Amino acid sequence: MKVLNYGSLNVDNVYSVHHIVRGGETILSSKVEQFCGGKGLNQSIALAKAGVPVCHAGLVGEDGGMLLDACRESGVDITHVKTLPVKGGHTIIQVDEKGQNCIILYGGTNQMQTKEYIDQVLEDFGEGDYLILQNEVNLLDYIIDRAYDRGMKIVLNPSPFDEKLDACDLTKIYLFMLNEIEGEQFTGSSDKDEILDRLAAKFPNARFVLTLGSDGAVYYDGKEKVFQDIFKVKAVDTTAAGDTFTGFFMASIIGGASVKEALRTAAKASSIAVSRPGATPSIPTMDEVRESLKD
Ligand code: RIB
């Protein structure tokens with residue numbers, strides 16, 4: 001069984017600010033830093049740091065050298081990642097004094113996937129292999145259809161939630177990993193039980209992991225619900241906390257852990273990530289997570 005993560009790679013330009021800037025306001029930032037990020041890349045690095053061999057597919061621009069280096073350093077297989085001679089995906093992120101963020105995303109090469117490239121990547125994968133997706137690349141509908149035809153188990157983190165998802169046949173998704181806001185956008189409800197019931201009615205063949213911010217996370221497969229609290233920490237930067245959760249949950253499940261154990265490991269990993277600055281540099285290793293779970 002192989003694991004493919006087909007997704008975005010971004011250079012994150014992170015500005016430390018007192019508060020998130022309001023419309024019409026100009027504020028001074030106290031620090032600017034550049035980190036590797038992108039929901040796809042963050043999740044691949046989380047999987048690799050959690051000990052799962054993962055192949056990443058996606059496109060970087062001429063400014064993407066640092067993203068490829070980050071993959072190599074963490075052991076992510078980048079055989080399929082291509083570089084195009086244009087500007088790559090990048091972000092402007094504000095992080096306030098409470099560690100909360102807001103993100104402006106420029107798609108760049110992440111929005112330049114072609115059907116030929118997707119077919120070429122998927123040729124190496126088949127029945128029973130996992131495909132992990134987010135919504136930061138174009139042709140997501142085509143990737144889902146072709147991967148489903150090949151018998152892959154598709155895990156979708158529908159983030160950022162936008163109209164591109166309407167074009168996707170989401171009945172082909174094996175597991176949704178989403179937060180409560182995305183849950184509300186899918187179902188029109190802000191109540192966690194109602195969200196899960198409506199999702200299960202809409203996608204009866206899927207299972208769901210719904211993260212609930214400070215209320216933890218819940219897994220539901222239409223029959224059983226499994227809850228997990230958060231591990232409280234002082235937040236420094238919440239960027240990539242959700243991606244770390246996804247990577248460690250999937251790595252634990254792939255490694256044979258129960259849903260309960262996988263949720264606990266993922267919650268601990270993301271609590272470590274929020275206590276550190278940056279996207280990929282904040283992601284812990286599985287050894288760190290296990291050590292911290294002993295406390
Ligand atoms: O989920 C966090 C990521 O979202 C950041 O690294 C940024 O690149 C955006 O894609």
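Numbers here mean position along the shown chain, with the first residue as 1.
Every residue, even glycine, has its Cβ placed from backbone N, Cα and C.
Cross-referencing N138, N179 with the ATP binding residues that TrEMBL gives (T211, L212, G213, S214, D215, G216, G242, D243) picks out N179. Checking the recorded positions D12, K39, T239, D243, G278 against ligand 1, the ones with a C-beta less than 6 Å from an atom of that molecule are D12, K39, T239, D243. Across all of the domain 'Carbohydrate kinase PfkB' (3-285), the predicted model scores a mean pLDDT of 97.
The recorded positions near L41 (substrate binding site), taking a 10 angstroms Cα-Cα threshold over the set D243, A273, R276, S282, are D243. When the neighbouring Cβ atoms lying within 10 Å are counted for each of the binding-site residues (K39, R276), the highest count belongs to K39.
With the fewest other C-beta atoms within 10 Å around its C-beta, S282 stands out among the binding-site residues N10, T239, S282.
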